[in-house]
Amino acid sequence: TKLWNNSHAPEDVEAALDTSLANLGTDYVDLWLMHWPSAFASGSSLFPKDSNGKVKPGSSDYIETYKAMEKLYKSGKARAIGVSNFSKAEMERLIKETSVVPAVHQLELHPYLQQHDFAEWHKSQGIHVTQYSPFGNSNEVYSKGQNLSKLIEDPILVEIGKKYGKSGAQVALAWGIAHGRSVIPKSKTPARIQQNVEGDFELSAEDVKKVDAIDRKLRFNDPSANFGWNFYQDLDGKEA
């Protein structure tokens, strides 16, 4: 489960986790992530707004938020803690100024946004990478990329899929797994969920390299303007 931006104040962190635990009907979680490095104003609203309709920022630094999470990790309420949507500079600062290296970093990563160097850096730090949006612009919530052909229809992915009796989407999943990462596709129908499960197959090294070659450095999820925070400043796919 994740800690949302309106609960970044250190005094709000444990209550937020307790709410998640109550909703899940358990007394601990295996993994707890800070959803974004940016803080919103505290309160019940998920997107607190000011008089101009802009998101009202909080004053908490993500380091202090993470330190509050560390306490709950040490208490056993969270068996592991991590982050999501951090830049490299933010990750480096987090590791330097806190005592528990994040177990996981969840980030947008797919064949069109491969972030090879950043992914390799995580390996050097012992941080597991989880790919969200592994199908890229196939997610209908992303307005950016809707005028482009769908990643899962990329000719290279489709052609590789034919070799294995799989779809382009399943090849995209298998590519992430081949690189040692977790992949978390989002699907609404039982049939699609089953297809995603069948994406756990082994690509040949040659086919992995073919997918490696289609990187376009296209980032589809960047809420910087809405959140009042400049995300991904030092990462691939960041537009000026």
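Cβ coordinates are placed from backbone N, Cα and C, and glycine is handled just like the others.
Over the domain 'NADP-dependent oxidoreductase' (1-215), the average per-residue pLDDT in this prediction is 93. Among the features that TrEMBL reports, domain 'NADP-dependent oxidoreductase' is placed at 1-215.
A sphere of 10 angstroms centred on the C-beta of LYS2 (site 'Lowers pKa of active site Tyr') encloses 18 other C-beta atoms. Reduced to three states, the DSSP call for LYS2 (site 'Lowers pKa of active site Tyr') is strand. According to TrEMBL, the site 'Lowers pKa of active site Tyr' annotation covers LYS2.
Annotation comment: TrEMBL describes HIS35 as substrate binding site. Long-range C-beta contacts of HIS35 (substrate binding site), restricted to its own chain and to partners at least six residues apart, with a cutoff below 8 Å, comprise LYS2, LEU3, TRP4, ASN5, SER84, ASN85.
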